[in-house]
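Visitor: One structure is given below, represented as structure tokens, and several questions about it will come after.
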Amino acid sequence: MKFAVIVFPGSNCDLDMYHAVKDELGVDAEYVWHDETSLEGFDGVLLPGGFSYGDYLRTGAIARFSPIMESVIKAANEGKPVLGVCNGFQILLEAGLLPGAMRRNKDLKFICRPVQLVVENGGTMFTKEYEKGQEITIPVAHGEGNYYCDEVTLETLKANNQILFSYKDDINGSVNSIAGITNEAGNVLGMMPHPERAVDSLLGSNDGLTLFKSILSHWRERNAITS
Amino acid sequence: MLYEVKVFISLKEAVLDPAGAAVKSSLHHLGFAGVEDVRIGKVMTLQIESTEDKIEAAVTEMCEKLLANPVIEDYRFEIEEVVSQ
């Protein structure tokens, strides 16, 4: 399996993302600069955190129109796993690949610390190696992680089991304490917490590695069936 | 024709504005007890070369695609001709 790690001007978690899949998960990965237009040959797409375009206008608003994004949308429509973390999540929201939007954290503080998450849906390509209801520790680092969607959207997210992770305690004011959601098809995940920063017990937790293991194990199963 | 366009962007009524709430509380501390609500928005000033029949549709498209996020923000704009000196 080969991952693309998309690098925007202002990305700063790209090295951690690359390390997580290349060194800890042990699969192939390559950086792809935002000016590129093709994601040919990649089986999964990772949008790292950071401050793409300095968060000008709105978080993710300008990165969403980077040349590579057309290929990211194409990969998403083809059913390939697409994971956006933190700023990557914000870009997926702006691109319309996921519903909703981000607001400033309710207490206006930049929150940077490990938090407890609850795995709300354990059966997906991103969470199959977790148990539903499992509590995991993954760090967050954001000033605008206060997820918003209207009530109709929230009901849809719940009905389709699109909420994969929620904060055990409300940390930023997010609707329903949402920490991570997928699209309706389930192959695009956006989450504010950083699984790539929790891939080794030396880092305080390896709960994030399980997410990458889930993607790989799902990919292997699917390819074994089709080949 | 050259136009100057002012675009005003604000959070939708239903969306909580934590920065506005902090400013309101600070105004209360300063003694402005009558302040009931503060909403923080953005103003952008654009100079656009266009024609009278196209300018409004163009600015609307800019707002919908990039300048505002319709999920959480409302926008309005004012268009004025730039009179050459």
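Note that the numbers count up from 1, one per residue, in the order the chain is shown.
Cβ from N, Cα, C; glycine included.
What you see is a predicted model, and the numbers here were worked out from it, not measured in a lab.
As listed in TrEMBL for this protein:
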type: ACT_SITE; residues: A:CYS86; note: active site, nucleophile
type: ACT_SITE; residues: A:HIS194; note: active site
type: ACT_SITE; residues: A:GLU196; note: active site
Visitor: How big is the gap, in Å, between the Cα of A:CYS86 (active site, nucleophile) and that of A:GLU196 (active site), rounded to a whole number?
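Guide: The Cα atom of A:CYS86 (active site, nucleophile) is 11 Å away from the Cα atom of A:GLU196 (active site).
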Visitor: Enter the number of other CB atoms within 10 angstroms of the CB of A:HIS194 (active site).
Guide: 25
Visitor: Taking 10 A as the limit, how many CB atoms besides its own sit near the CB of A:GLU196 (active site)?
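Guide: Looking across every protein chain shown, the total is 30.
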Visitor: Under a three-state reduction of DSSP output, how is A:HIS194 (active site) classified: helix, strand, or coil?
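Guide: Coil, per DSSP.
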